[in-house]
Each structure stands twice: as C-alpha cells, then as structure tokens.
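Trainee: Quick paste from TrEMBL:
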TRANSMEM  B:12-31  transmembrane segment
TRANSMEM  B:51-74  transmembrane segment
TRANSMEM  B:86-105  transmembrane segment
TRANSMEM  B:125-143  transmembrane segment
TRANSMEM  B:164-183  transmembrane segment
TRANSMEM  B:195-219  transmembrane segment
TRANSMEM  B:239-260  transmembrane segment
TRANSMEM  B:286-306  transmembrane segment
TRANSMEM  B:313-335  transmembrane segment
TRANSMEM  B:355-376  transmembrane segment
C-alpha cells in the first residue's frame, strides 16, 4: 500500500510538472516562431547578406588622401567623435580639455610595423614603410572580445559581424584588454560635444561604453555597401568570404594577402593584399 | 554582538571619524567621476585598466592570504592560530569589500552593473570572478560571525559551519586563481600570457596577506588587551618568507623563459618595466625598488635572528607589502598594457582623482576592518577576562 501510494505520488508529481511545463514550452515555441515570422516579414529584401562577412584591403590602391577620405566617411556615418578639435566653447562652455590618449577610433591609419608588429622586417620593401595601413576591427571568427564580455554586450552575429550593444555595456573594458588588435575604443567622456554634424541615421553614444567598427551592419541591412567601401576608390572590398564566387574570394585568389597576428588563432576576417 | 562596536574609547571614535572624512572626500571625487565619466582618470585607449584594477588585484591577494591561517588551524589543528583565525577571516572580509568597491568605481556604467547577473555569461572570466569573490565574502562573513558568536557564548560553533570552513579553502585559492585567469587567458598580451601567472599571484598573496596580518597583530597588541600571540606571528612570518621566495622564484622563471627564448612580444613588456622602452621609463625605478624590497625582505625573513626580532619584523612586513604591491599592482597593469598590441608606448600614472577615490576605498576598508577587529578583540578579552 505504502509503496503504491509513493509511486502514485511520483507519477502525479511528474504529470503535474508536465502539465505545468507543457504550456510554457508551447508558449516559448509559439513566440519564437512568431518572432521568426515577424523577422522575415520585416526583413528588407534588398539587404546584403553573407555567410561570413569579410573585408579585403588592397594596399596598392591606398594613399594618404584615400585613407583620409575613408576615415572621414566612417566618422561621419557613425558619429565617431573627433578629439583633434576642442568643441565649440559657446555651445559647451564647461567642457574640460581633451585627452588625446582617450580618443575613439573605428578605422584609422597605422605604419606597417604597428599594424603587423609580428611581421617587422629589417629589410622590408621600401614601399611599405610609408604606406598608410588602415586598421580596424577584424570581426574575428574566434573573437576574444566576445569571449571576455561578461554581459554579452559584445556578440558575434551568425554572419560573422561582431557587434556592440551600447545599452548593455557596463564599461568594464575587459574586451579591450582581450582584443589583440587594439580595435576597441572606450567613451571616457560624453562624446557628443566632439561630433560636428550628427548623422541622424545612426545613434550617438554615451560616456562609459565601448565601441568599434560594426562593418556598417546598418548599411548592409539597407542594401548599401559600407561607407568606407564607397569612398575607397576600389581599395576596400567587402563581401562573403565563404562564397567561392564572391568578389572578395576572387581578389584573394588572384593576389597574395596577409592578415594581422594570424598566429593568435582569432581568424581575422580582414585581409590585406600586398 | 554589534553593540560592542558602539562602545569605544575616544581614540576609537576619533579614528573612525578620520576614516569617515577620508571616505567622504573620496566619495566627492567619485561623484565627479560618475558625472563626467572615466575621463577623470589617466587611463587611455591603450592602457584601459589602471589604478583601480591594480589595487583590486592586490587586495584579492590579501583576501586570499587569509587562508594561510585557516588551513593550518582547521586542517592541521595548529592550535597557535586559534586566536588569529578570526583576524584572518575578518581581514578577508574587509579586503573583499574593497575589491568589490574597486570594481564598481572602475565601471563606465556602474548603474548597469547588474547586467552581469541578468545575462550570466559563463565563457567570461569576469562572471566567474564575480561568483568566487562574492561567494568567498559571504563564506567569511558567515563563518567569522558564527565562530565569534559561539566563542562569546562559550559554546561550540554550529555544526554546519564546519563544511563552510572547508569550502572556504578552495574558494580562497579560487578567488586569486580566477583573478589571474582574467589576465592570463588573453591573446596578444605577452606579459600576462603565461601559465605561471596564477601560481605567482598565489605566492605573492600568501606573502602579502600574512604580512598585513602580522602588522595588524602589532596594532591589536598595542591598542587592545588582546594578545594574538608572538608564536603565531612568528609562524605567519615563516609562511610569508617561503611564499615570498616562491614569488621571486616564479618571477625569475618568467625572466628565463622570456629572455632565453628571445620572443619580442614577450620581451618588450619586461624591457619596458625594468629598462624602459623608446625613452619611456616611468616604471623603471618602481620595478627595481620592488625587486630590491622583495629580495631583501626574503633574506631577512630567512635569517632566524632577524625574523624573530620584534622591532624589526614590522619593518620587514612593510617591505613585503610595498614590494609585492608594486610587483602585482603597478607592474602587472603597466607591464601588461605597455607596449600596446600595436607596439605603441603609452605610459600610465594615476591622476590625483584616481588616487583620491582609491584612498576613499582604502578608508572604507579600514573602517570595516576596525569595526570587525573591535568586535573580535572585545569578545576575546571578555572570554579571557
């Protein structure tokens, strides 16, 4: 008797649990299906898609002028603050002096030996010594920043783009310590006084959050090429690394290319044609 | 038991008042940082962690060092530590609260702090660091409080404290191991990318923690009627001695690997710290002082006559504390970030505001420590008297 009562209770318990859980599972399933349907409904049919986004920079086509244009276009598109000028004293009378070391950079120029410190070569071809090497976030396949982030504020999308959620970031800067490319910037102060013209299509950031290149994910979603590609005069190409017929793969097939700090195994998605 | 804390001499109240003033001043500076952002610090795009995280790292060590009295007493029944075990546990409590405060003041968006709990991320070492730090803090508060209460009532501590005490041992090792893992799992930071970082952290912790505890024993002896016992202090100094020797040895292992292999990515950091790089040499005098302090303190602690000299011992302890603090705080942060991944040399020295906030946090820690030690020593006096 005792035994059967116990087994009855067991069965009853399990079924009660089942009754309780089943609707929850159904609800979750329904909501995710609903969300998926919603997503397909709202997805822009012209959006550019890829299995894994990558960037190819043809160093032969870069010069100081083009590089400067690229940096400027990225700045304007994403409201990246410019710490080289003090803000308008009339609009921001109480502004404190700028500390250049606390600047924000998404894509910027570096010398070869800074961009590729591990490839430093005593007898490097002369042409590389003065060439502007544009560096940016590599959108690594194995991104150390994503691994380090304690709040999932930085995350990798299925298409390989590493993104930042500016509203979830707590500003611990662990991702900056983890990034071996120095690609991330922190808003040590409110960036807004340092934005000359605000682009209303992209949010401005607040103090205390990390930011970096987002491969123009917001432009790709509208079917537009990234801002840097548009002004690069053919020096930068963005496309699907996993599509053998893509333009980026054609370029990589044709010419010799290198990546930054390949030995670290982060699998950067930015290639430099030499 | 807390009522003990509100009965004290004039000196006690003046001391607490002074601490409150420093805490208040530090808080005012923090308000400025909170409003204007971390621009008030000397941190930069290249050196993204500074004085706060440096002190955090050191204090995690001090907290972990408390286990050096717990292990001998609870695992080996080393009776001489009976009186100071509670001092070790309460030191850990104060140190851990300072650690947590340092983390909070280092955040760019402290209001969003709970995101770490709302979106738990097991692949981030910071998540685990939060777990072990809070866990160890909780364990020490509960254990310390219950054991002291039992002592006051002249009864045995509740049986459930025993498993907690055993649990606190791996937690103590854990807090410093995970804190080392914050650093040593990062690609592209040659200075930190070494498997010996966690052992080195622990060695330095087991030197620094007991040294702080010895100094506190002196303070307790001077200001209360409670005597922690000279023999216990001597044992602590032996522990500090061998831990310090291990720390220096581990560092020398690091030096050998780095300079014998001659891999530039690993050499440049130590070059920067000890010899300067491209004319940047702010850290050089600090690092050599640290080495000299640690090595000479180790030699003095090894020699029995010097170690057992009651007037000399506190000075040796101060040498250990300063030496390991430079090694693990300033050196660990500056060495890791300088030169940057792009081989730029951006130096870092904290601003006065950073130092102000840091002093405020240390004052808060001392405030907590004073009250906890007041409880502990008063109870011990009561029981004995």
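Glycine residues also receive a Cβ, built from the backbone N, Cα and C atoms like all the rest.
Because TrEMBL annotations are produced automatically, they should be read as predictions rather than curated entries.
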Trainee: Which residues of the same chain, at least 6 past either end of the transmembrane segment (B:313-335), have a Cβ under 8 Å from a Cβ in it?
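Mentor: Sequence-distant neighbours of the transmembrane segment (B:313-335): 47, 49-51, 53-55, 57-58, 61, 183, 191-192, 201, 204, 207-208, 211-212, 214-215, 218, 233, 237, 240, 244, 247, 251, 269-270, 272-273, 282-283, 286-287, 289-294, 296-297, 300-301, 306-307, 347-348.
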Trainee: Rank B:12-31, B:51-74, B:125-143, B:164-183 by Cβ pairs under 8 Å to the transmembrane segment (B:355-376) and hand me the top one.
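Mentor: Looking at each of B:12-31, B:51-74, B:125-143, B:164-183 in turn, the most contacts to the transmembrane segment (B:355-376) are made by B:12-31.
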Trainee: Six or more residues beyond either end and a Cβ under 8 Å away: which residues meet both conditions relative to the transmembrane segment (B:12-31)?
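Mentor: Answer is 40, 105, 353, 356-361, 363-364, 366-367, 370-371, 374.
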Trainee: Which bits of the chain, at least 6 residues beyond where the transmembrane segment (B:86-105) starts or stops, bring a Cβ under 8 A of a Cβ in it?
Mentor: 30, 33, 52-53, 55-56, 59-60, 62-70, 113, 133-134, 136-137, 140-141, 143-144, 147-148, 172, 175, 209, 212-213, 216-217, 220, 228, 357-358, 361-362, 364-366, 368-369, 372-373, 376
Trainee: Between B:51-74, B:125-143, B:164-183, B:286-306, who has the most Cβ pairs under 8 Å to the transmembrane segment (B:195-219)?
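Mentor: The listed stretch sharing the most Cβ pairs with the transmembrane segment (B:195-219) is B:51-74.
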